[in-house]
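Taken from Swiss-Prot, the feature topological domain 'Mitochondrial matrix' covers 1-13. Look at Swiss-Prot and you will find 55-75 tagged as topological domain 'Mitochondrial intermembrane'. Among the features that Swiss-Prot reports, transmembrane segment is placed at 14-54, with the record citing similarity to another entry.
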């Protein structure tokens, strides 16, 4: 058996290198989730509110609630 000299393992900077890689990954994932939320939830919600209030009439809504008897003090 020939005895071979094993290379010394790297012992310095392992945690720093691993954290650097994982921080970059976490940052990219968080950007992706933020973009998905913005374009998948926030923008459609904003559009739905804009469409609703484009044709909304508070007077008409008030009259419908008045006819339904929601307000006791108004006759």
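Indices start at 1 and increase along the chain as displayed.
Every residue gets a Cβ built from N, Cα and C, even glycine.
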| query | Within the topological domain 'Mitochondrial matrix' (1-13), how many residues are helix, strand or coil going by DSSP? | reply | 0 helix, 0 strand, 13 coil
| message | Let me spell it out: take the topological domain 'Mitochondrial intermembrane' (55-75), skip the flanking residues so only those 6+ beyond its ends count, and list any with a Cβ under 8 Å from a Cβ in it. | response | none
| field | Averaged pLDDT score, the topological domain 'Mitochondrial matrix' (1-13) | value | 82
| What parts of the chain pack near the topological domain 'Mitochondrial matrix' (1-13), using Cβ distances under 8 Å and only residues at least 6 beyond its ends? | none
| note | Using DSSP three-state counts, the residues of the topological domain 'Mitochondrial intermembrane' (55-75) come to 11 helix, 0 strand, 10 coil
